[in-house]
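J.: Quick one: structure below, then a few questions.
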């Protein structure tokens, strides 16, 4: 079915029909603005991400359902990285007129499936025509009490640096997709990432994390944001970087330097955070209860330099520092 | 200067540098999510609009400053239409790599100038590359106490229907732009609309409006949203539709049916609202204090039909019913 047959308001009705009633929603899709309430004593967290066909996704790599899930997941990950509860989303779509309605149905199903998994309700947005590819822009609201929010700027010299799960899988997955693979652990992590909401909330509630960010641009680039924000440097031990067995096995086939893929490859959507020294076991236990591993990968130091050392103590020059959308 | 020279984070820094501290903002641009507070007892209003080059705007018609103003104005208008106070905005941009940084500076200046005019603070967003034209997606937050919010669904049979200011100017302006004109009242109204925030707030505080919407799709189309939401019909008197002297003079040159341009032309960003009968003078006085005229254009009736009558009582068939983004 073509979009022209159902029209803009037909499309909105179709999406609205998939949305169940949500907590805190006084007025959802269908008015000039949505009306929601923030719980007493809580602050509102707001994040927005835009995904552009040909830049962030390739419709020959992914299917609409997983694209819908990922579009919301990258926003949920930002709320997780603040230690927040994800709550309400606004979805904007610029749609090529030849995109079948069935594609949009599956896309919306993907958005809704991830939303339901994380307690998010779709409350509004906008739809319009695109003169070229599909553009997806999502704003997500979360909330948290003021004292539990974990910003980027709280890292102090001496703090340990941790990362959840494993890194590099998503970058490996993208490389495998480019080479024609369409399944496997790394491809799945690239196309269908799992934001670390319960880990972020546990860290927020424990008060253990001094700074936190999600790994979207790459471990080193995202660590850089914490360091700049906090006015500190870091020493990272490359031998501690947590890699999946799949990554260790497949990365050497596609990357001349697997370590650089793990350090600079983005879109893992793991949490990178700092905590006061000597609490490694406590952090590990806390996150194990959320079903996620936490690995200490280095320390915060005074100054502003980042050094990455191999197991034998030699310095590794980080060749790639993450993704810059407008790099020459 | 090219975007590649300053990079994604350079661009964000450039925009962030233009933003003054804002009320209720605990953490603005630069973290995974912005942190804001909603005043005690108030609800959050959220609206989002997407503007796509070649669909919503033509860079040969407008300049970046006015494009920036309008991009935010259309969202501010949605908050005005709920009777809300506009507060915080998230700006997402998908940017063609060859767009000069100077364009983006002027665009950001335009966004900020309208934001400052209406007490809005930019708190976050996203920037990325576009594979084709410029795409702008803005989410705006507003707030209001629960009892003052004016939804679309409160119109009752017998209510009068009002519209602020004059309608049709924006559609006339677009037509004149297409014919090569670049200035004048109608062109300015199309490129640089003024959202009716103080009128919306006055109506909210007075409790006089039973339903409200802003005129973005056209008077008849937007009235249709109120009617559908409220489960009622309407009788509109075409001779009462408020037209500017400029419209009355120029519209016959470009439109075979000026009335249809006024009734169906969108993007006026006036407020269309309903109020209990017999309060016309009160409504006019209230809005005059905001510097805006209010004109009664008809009444709400039982049922679901919309009739448009000429001064002599004959029925006018509305030929064009407003803009549908996916119309065949």
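Cβ atoms here come from the backbone N, Cα and C positions, even for glycine.
Note that TrEMBL annotation is computational and uncurated.
Just so it is clear, the model here is predicted, and its values are computed rather than measured.
For B:32, B:78, B:214, the entry in TrEMBL reads Mg(2+) 3 binding site. According to TrEMBL, the Mg(2+) 4 binding site annotation covers B:32, B:46, B:78. Positions annotated as Mg(2+) 1 binding site by TrEMBL: B:47, B:49, B:126. The feature Mg(2+) 2 binding site is assigned by TrEMBL to B:49, B:78. Positions annotated as substrate binding site by TrEMBL: B:56, B:267, B:323. Annotated ATP binding site per TrEMBL: B:125, B:126, B:152, B:216, in sequence order. Feature annotation from TrEMBL assigns Mg(2+) 5 binding site to B:217. What TrEMBL records for B:30-142 is domain 'PurM-like N-terminal'. Positions annotated as domain 'PurM-like C-terminal' by TrEMBL: B:156-309.
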J.: So which of these binding-site residues, B:56, B:126, B:152, B:216, B:217, B:267, get their C-beta under 8 angstroms from chain A?
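T.: From B:56, B:126, B:152, B:216, B:217, B:267, the ones near chain A are B:56, B:126, B:152.
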J.: What are the DSSP helix, strand and coil residue counts for the domain 'PurM-like N-terminal' (B:30-142)?
T.: 34 helix, 45 strand, 34 coil
J.: B:46, B:47, B:216: which of these binding-site residues has the sparsest Cβ neighbourhood within 10 Å?
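T.: Checked B:46, B:47, B:216; of these binding-site residues, fewest Cβ neighbours within 10 Å: B:216.
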J.: List every residue in the same chain as residue B:152 (ATP binding site), at least 6 positions away in sequence, whose Cβ is under 8 Å from its Cβ.
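T.: Within the chain, residue B:152 (ATP binding site) has Cβ neighbours under 8 Å at B:211, B:212, B:213, B:225, B:226, B:229, B:230.
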J.: Anything within 10 Å of residue B:217 (Mg(2+) 5 binding site)? Look among the binding-site residues B:32, B:47, B:78, B:126, comparing CA atoms, and list what you find.
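T.: Qualifying among B:32, B:47, B:78, B:126: none.
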J.: Sequence order is fine: just name those binding-site residues in B:46, B:47, B:125, B:216, B:267 with a Cα within 10 angstroms of residue B:78 (Mg(2+) 3 binding site).
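T.: Of everything listed, what lies within 10 Å of residue B:78 (Mg(2+) 3 binding site) (Cα to Cα) is B:46, B:47, B:216.
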J.: Please identify, from the binding-site residues B:78, B:126, B:214, the residue with the sparsest Cβ neighbourhood, meaning fewest other Cβ atoms within 10 angstroms.
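T.: Least crowded of the binding-site residues B:78, B:126, B:214, by Cβ count within 10 Å, is B:126.
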J.: So what's the mean pLDDT when you look at the domain 'PurM-like N-terminal' (B:30-142)?
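T.: Summing pLDDT over the domain 'PurM-like N-terminal' (B:30-142) and dividing by its length gives 96.
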J.: Might you list, by sequence position, any residue in that chain lying six or more from residue B:267 (substrate binding site) with a Cβ less than 8 Å away from its Cβ?
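T.: The list for residue B:267 (substrate binding site) reads B:74, B:170, B:171, B:174, B:190, B:193, B:215, B:216, given in order along the sequence.
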J.: How many neighbouring Cβ atoms, not counting its own, are there within 10 Å of the Cβ of residue B:217 (Mg(2+) 5 binding site)?
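T.: Other Cβ atoms found within 10 Å: 24.
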J.: Rank the binding-site residues B:32, B:49 by the number of other Cβ atoms within 10 Å of each Cβ, and give the residue at the low end.
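T.: Candidates: the binding-site residues B:32, B:49. Fewest Cβ atoms within 10 Å: B:49.
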J.: Given the binding-site residues B:32, B:46, B:56, B:214, state which is nearest to residue B:126 (Mg(2+) 1 binding site) when distance is taken between Cα atoms.
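T.: Closest by Cα distance to residue B:126 (Mg(2+) 1 binding site) among the binding-site residues B:32, B:46, B:56, B:214: B:32.
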J.: Looking at the binding-site residues B:32, B:46, B:214, whose Cα is closest in space to that of residue B:56 (substrate binding site)?
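T.: For residue B:56 (substrate binding site), the spatially nearest of the binding-site residues is B:214.
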J.: Relative to the Cβ position of residue B:56 (substrate binding site), how many further Cβ atoms are located within 10 Å?
T.: 20
J.: How many whole Å apart are the CA atoms of residue B:49 (Mg(2+) 1 binding site) and residue B:125 (ATP binding site)?
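T.: Distance between the two Cα atoms comes out at 13 Å.
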J.: Just jot down the residues in the same chain as residue B:125 (ATP binding site), at least 6 apart in sequence, with C-beta under 8 A of its C-beta; none if empty.
T.: B:29, B:89, B:90, B:91, B:92, B:93, B:138
